[in-house]
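> I am attaching a structure below and will ask some questions about it afterwards.
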Amino acid sequence: MGRFIFVSFGLLVVFLSLSGSGADWPSDWSSYDLYCYRVFQEKKNWEDAEKFCTQQHTDSHLVSFDSSEEADFVASKTFPVLNYDLVWIGLGSVWNACKLQWSDGTELKYNAWSAESECITSKSIDNQWFTRSCSQTYPFVCKFQA
């Protein structure tokens with residue numbers, strides 16, 4: 001009987017330790033490299049899209065990219081839903097006219113500027129970035145750390 005309790009307790013400890021290492025994001029979000037992402041088809045201006053993202057989950061913002069691989073992952077989620085449409089990303093000079101920064105405060109490490117150069121959209125098929133008036137409306141992608 002003591003052996004049964006010992007084995008049962010051991011299995012319980014293993015189960016509980018593994019249960020916290022699984023998906024820690026909502027089921028309607030996608031994950032990549034410890035972050036969660038969700039494409040929203042509803043069109044909003046940049047400021048409203050950012051505000052909407054902050055209301056979806058703690059520390060959620062419009063998407064920021066640290067690498068081309070992350071941008072490719074987001075494109076793989078946006079293109080099937082939006083085809084060739086543009087989406088708002090978190091890069092903009094809304095709060096700081098001289099320095100572009102991501103809306104979540106991270107520094108700009110990766111960029112994919114088009115030949116054009118206010119608020120920034122990303123083309124869902126090839127990750128090219130385009131400036132657009134912040135008052136225009138586009139679909140958008142939100143991101144938070146899992």
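Note that Cβ sites are derived from N, Cα and C of the backbone, with glycine treated the same way.
Below, the features straight out of Swiss-Prot:
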type	residues	note
DISULFID	CYS53-CYS142	disulfide bond
DISULFID	CYS119-CYS134	disulfide bond
DOMAIN	32-143	domain 'C-type lectin'
SIGNAL	1-23	signal peptide
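Could you place these features in context, so I can see how deep they sit and what lies close by?
Same-chain residues at least 6 positions away in sequence with a Cβ under 8 Å from that of CYS142 (disulfide bond) are, in sequence order, TYR37, ARG38, PHE40, PHE52, CYS53, GLN56, HIS57, SER60, HIS61, LEU62, VAL63. Under the DSSP three-state reduction, CYS142 (disulfide bond) is assigned to strand.
Taking all protein chains in view, 18 other C-beta atoms sit within 10 angstroms of the C-beta of CYS134 (disulfide bond).
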> Using DSSP and three states only, what is CYS119 (disulfide bond)?
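In the DSSP reduction, CYS119 (disulfide bond) maps to strand.
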